[in-house]
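Asker: Just passing along the structure, written as structure tokens.
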Amino acid sequence: MFQKFRLYFLLIFLAELLSFGGFLLPEFRQTAFFVTVLLVLLLSLQKLEYGLLILLGELFIGSKGYLFYFEQGELVISIRIALFLVIMSVWLAKITVLWNREGYRFLLAKLALPFGRYYGLLGVAIGWGIVNGYFRGNEFSNIFFDANSWIYWLMIFPLAYVVNEREENGGEFWRELLAVFSAAVIWLSAKTLGLLFAFSHSLIVALYELYPWIRVTGAGEITVMESGFVRIFFQSQIYVLIAMTTAAAAAVYFKLLRDKKKLLYCYIVILLSASVAIISFSRSFWIGLAAGLLVYWFISLLVDKKNWQAIFLSMGFTLSAAILSIALVFGIVKFPYPRPTAAFDLSLLSERAGKISGEAGVSSRWNLLPPLLREIKQAPLLGKGFGATVTYKTQDPRVLEQNPSGEYTTYAFEWGYLDIWLKLGLIGLLVYIALLGKIFIEGIKTSYKLLCISLLSGLVMIMVTSFFSPYLNHPLGIGYVILTSLILGQKKKPPFLP
């Protein structure tokens with residue numbers, strides 16, 4: 001496992017290094033894009049799992065999916081879209097061959113989906129959103145780019161195909177994916193801590209090279225707050241937070257085995273996750289993380305009472321790691337060489353948590369709410385389809401530069417559930433919630449408890465965070481829902497779960 005982890009960590013580091021090189025040299029970026037796509041195509045033709053691991057690795061670290069991209073005039077194709085098209089094409093070719101060779105009955109067995117009826121209804125709702133948007137006259141480009149994220153749901157088919165085909169081979173795919181996920185979490189944590197140091201000490205490379213690279217690739221946001229603290233926020237950090245409950249669950253298991261070395265690994269992951277949560281300075285993350293941890297501890301004690309001592313130990317691990325993470329962040333920000341230029345203390349966290357107005361992002365979010373609700377009321381049941389827009393006044397400095405009045409029209413909204421309601425209607429939203437509820441109920445019923453509960457806690461994090469940020473309608477959230485449903489929907493215990 002460690003050798004695989006080390007390999008995937010080095011590959012992720014190499015990918016980020018090439019992405020940075022592509023930012024500095026646009027000609028190299030185009031070459032790297034096509035070489036990556038060709039490599040994934042060849043690997044997928046050899047074994048579809050290889051392509052899926054690369055695609056999911058990109059999802060874990062790539063935020064908006066533009067670590068690599070092809071640009072020609074106004075046409076911009078992200079590496080995420082390119083990998084998606086490659087994987088879907090190879091999968092379609094493989095099932096076509098399988099159909100011709102074995103017949104449709106054998107093929108259906110390989111394509112069996114857990115929660116199939118719920119996914120079918122969600123597919124109908126998504127199709128309705130596209131058709132509804134078209135017949136309502138929504139701008140075609142808006143429909144395309146708005147529905148683009150939802151098309152990621154199709155990834156469940158090649159993933160289910162691999163899981164169904166390889167289940168009898170010991171679940172190699174799940175073990176490999178766990179190594180990829182672990183490497184991605186450690187890399188994101190290291191990247192976040194490294195950037196915090198670089199920007200807290202005003203390193204030249206950070207100001208003139210790293211900052212524009214992060215912005216151009218859509219990897220995240222780096223902001224100097226009024227307090228002087230440098231906020232490092234990546235959308236993909238949600239996976240680092242999810243890793244906290246997974247590590248807490250694994251800690252219970254390793255405590256029972258008296259494996260002190262792996263207990264230490266779990267503690268390090270929890271420490272890094274807590275540090276990333278602080279550095280992100282994201283109130284949405286904090287609320288989602290708190291909800292996920294509470295659900296994890298509550299359900300764990302409810303269904304696994306006999307191991308209550310180990311569960312309380314994991315609570316102690318998490319709380320002590322949270323305290324130590326504050327010291328870690330403070331040490332990075334205030335490290336004396338070179339001279340630090342940023343600020344950090346405990347009062348900044350309480351101020352950030354309690355400040356729900358006044359900031360540009362918060363004000364814009366609240367300004368969006370009334371016009372968004374008015375649009376929803378015009379078609380509450382069936383929605384207005386993909387590409388539906390709302391005009392409101394924003395405080396975003398980037399918009400104010402273009403339009404001093406602050407008036408802004410968009411089809412993408414921070415209020416995740418309201419975005420879904422506007423596009424798919426109340427019926428579509430309820431179908432989505434029903435799918436999530438079914439996954440949650442089946443997860444509770446499993447006989448392999450703690451780590452499954454940690455997966456459900458991750459689902460709770462995404463569901464709660466989506467009240468304030470769009471995750472359930474973004475590949476980051478969609479990908480996690482797909483993976484969780486496939487793991488919990490298996491008839492027998494996945495091999496990486498103790």
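In case you wondered, yes, glycine gets a Cβ from its N, Cα and C as well.
Note that TrEMBL annotation is computational and uncurated.
Worth saying up front: this structure is predicted, and the values here are computed from it rather than measured.
Grabbed the feature section from TrEMBL, which reads as follows:
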type	residues	note
DOMAIN	269-433	domain 'O-antigen ligase-related'
TRANSMEM	7-24	transmembrane segment
TRANSMEM	30-45	transmembrane segment
TRANSMEM	75-97	transmembrane segment
TRANSMEM	118-135	transmembrane segment
TRANSMEM	147-164	transmembrane segment
TRANSMEM	176-199	transmembrane segment
TRANSMEM	238-256	transmembrane segment
TRANSMEM	263-279	transmembrane segment
TRANSMEM	285-303	transmembrane segment
TRANSMEM	310-333	transmembrane segment
TRANSMEM	420-441	transmembrane segment
TRANSMEM	448-465	transmembrane segment
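Surface or core, plus neighbours and distances: that's what I need for these features.
Answerer: The average pLDDT the prediction assigns to the domain 'O-antigen ligase-related' (269-433) is 87.
Tertiary proximity for the transmembrane segment (30-45) is limited to same-chain residues at least six positions away from its ends with a CB under 8 Å from its CB atoms, namely 18-19, 21-22, 51-52, 54-55, 68-71, 79, 82-83, 86-87, 90.
Within the same chain, residues 142-143, 146-147, 150, 153, 156, 382-388, 423-425, 427-428, 431-432, 434-435, 438 sit at least 6 positions outside the transmembrane segment (118-135) and bring their C-beta atoms closer than 8 Å to a C-beta of that stretch.
Within the chain carrying the transmembrane segment (238-256), a Cβ under 8 angstroms from the stretch's Cβ atoms is held by residues 60, 181-182, 184-185, 188-189, 192, 262-263, 266-267, 269-270, 272-274, 276-277, 285, 288-289, 292-293, 296, 300, 307, 310-311, 313-315, 317-318, 450-451, 453-455, 457-458, 461-462, 465, 471, 476-477, 480, 498, all 6 or more beyond its ends.
Taking Cβ pairs closer than 8 Å, the transmembrane segment (263-279) reaches residues 185-186, 188-189, 192-193, 196, 231-232, 237, 240-241, 243-244, 246-248, 250-251, 254-255, 285-286, 289, 317-318, 321-322, 324-326, 328-329, 349 in its own chain, all 6 or more past its ends.
Sequence-distant contacts of the transmembrane segment (310-333) (same chain, six or more residues past either end, CB-CB distance under 8 Å): 193, 196-197, 200, 229-230, 244, 248-249, 251-252, 255-256, 266-267, 270-275, 277-279, 293, 297, 300-301, 304, 340, 342-346.
Tertiary neighbourhood of the transmembrane segment (420-441): same-chain residues 115, 118-119, 121-122, 124-126, 128-129, 133, 146, 372, 375-376, 379-386, 388, 390, 413, 456, 459, 463, 472-473, 481, 484-485, 488-489, selected by CB-CB distance under 8 Å and a gap of 6+ residues from either end.
Counting only same-chain residues 6+ beyond the ends of the transmembrane segment (448-465), those with a CB under 8 A from a CB of the stretch are 238, 241-242, 245-246, 248-250, 252-253, 284-285, 287-289, 291-293, 295-296, 299-300, 303-304, 307, 416, 436, 439-440, 471-472, 477, 480-481, 484, 487-488, 493, 497-498.
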Asker: Please report, as numbers and ranges, the same-chain residues at least 6 past the borders of the transmembrane segment (176-199) whose CB is under 8 Å from any CB of it.
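Answerer: Beyond its ends, the transmembrane segment (176-199) has Cβ neighbours at 1, 4-9, 11-13, 16, 49, 53, 56-57, 60-61, 205-207, 210-211, 214, 222, 224, 230, 232, 234, 236-237, 239-240, 243, 269, 272-273, 275-276, 279-280, 328-329, 332-333, 335, 342, 483, 496.
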